[in-house]
Amino acid sequence: MSSRKIIHIDMDAFYASVELREQPHLKGRPVVVAWEGARSVICAASYEARQFGLHSAMSVATAKRLCPQAVYVPPHFDLYRQVSAQIHAVFRRYTDLIEPLSLDEAYLDVTRNFKNIPYAGDVAKEIRAAIFAETGLTASAGIAPNKFLAKIASDWRKPNGQFVLPPHKVMAFLETLPLGKIPGVGKVTLKKMQSLGMRTAGDLRRFERGELLNHFGRYGYRLYDLVRGTDERPVKAERERLQISTEITLPEDLPLEQAAGHLPHLAEDLWRQITRKNVEAQSVTLKLKTYDFRIITRTLTYSSVLPDCALCCRLRKC
């Protein structure tokens, strides 16, 4: 088992929490961050809204049926990026091995941290305390020997908590881990696993590598390693971007048409970055990762600069 010390920091209901900080009179009410419209989907939901079954990627129409009293606020991506920059400034006090996953989550390798703190759990506590002191927002953290385990652990004490998974407890932890907690296991894959008698990562571990390959394709190789607590991926430090991008990870498998409901949000976020950096774009690429980790990309390149109004349309044409 790796001797690395990896922290996965995940802000709690980030977009919704930022909006509640800006509009404290809404605290205690179910708040949804989304554009209103028949085809819109939720960007984020406060914990009060989640009690009614609301979650990101849910259609606004469905959300209004489940929780008619919810308060809807439009997203403010410029503000979210500003707050995210504050959070990353906190990270840099402890390590330069920071791998952002989105505005509200990142991996940190604190095996050798700037403050020489021996216990990664203590590093996570300090980081979470500093984030709260400087932004008024709470974060959850998972601490483990690798990225796979740290990401799972960060969800274990949400919200505003942390979970430490030391190397000697990994196998026992995985033995009872529900399959749905494994990244990449969506509804379709989970149903297939259950048909094979699998319920936990421990059940999955009893299958040979070749068997998993037969059942799940190339993803079977990845599963074989993950359920044994193996993930050698390094934390990739931030590098200067050669392109401007934005992305979203959906919490569950969705039909293509419903997933496409996120394109207006992504297009607006992308255009804000383009205008802020004072650059021009002539090509647009759409990347889609499927439940079994296949990546599909489509790129369109034009002879003229893309105007604001055309960006979302170009994304749909991809």
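Placement of Cβ uses the backbone N, Cα and C atoms for every residue, glycine included.
Remember, predicted model here, so these are calculated numbers, not experimental data.
Residues or ranges marked as active site in Swiss-Prot (evidence: sequence analysis): Glu105. DSSP assigns Glu105 (active site) to a strand.
Marked as Mg(2+) binding site by Swiss-Prot: Asp10, Asp104.
Among the features that Swiss-Prot reports, domain 'UmuC' is placed at 6-186, with the record citing sequence analysis.
Secondary structure at Tyr15 (site 'Substrate discrimination'), as computed by DSSP, is helix. Taking all protein chains in view, 27 other C-beta atoms sit within 10 angstroms of the C-beta of Tyr15 (site 'Substrate discrimination'). Here Swiss-Prot flags Tyr15 as site 'Substrate discrimination', drawing on sequence analysis.
Cα-Cα distance from Tyr15 (site 'Substrate discrimination') to Glu105 (active site): 12 Å (rounded to the nearest whole number). The CA atom of Asp10 (Mg(2+) binding site) is located 4 Å away from the CA atom of Glu105 (active site). Using a 10 Å Cβ-Cβ cutoff, Asp10 (Mg(2+) binding site) registers 20 neighbours. When pLDDT is averaged over the domain 'UmuC' (6-186), the result is 95. When secondary structure is read from DSSP and collapsed to three states, Asp10 (Mg(2+) binding site) falls in the strand class.
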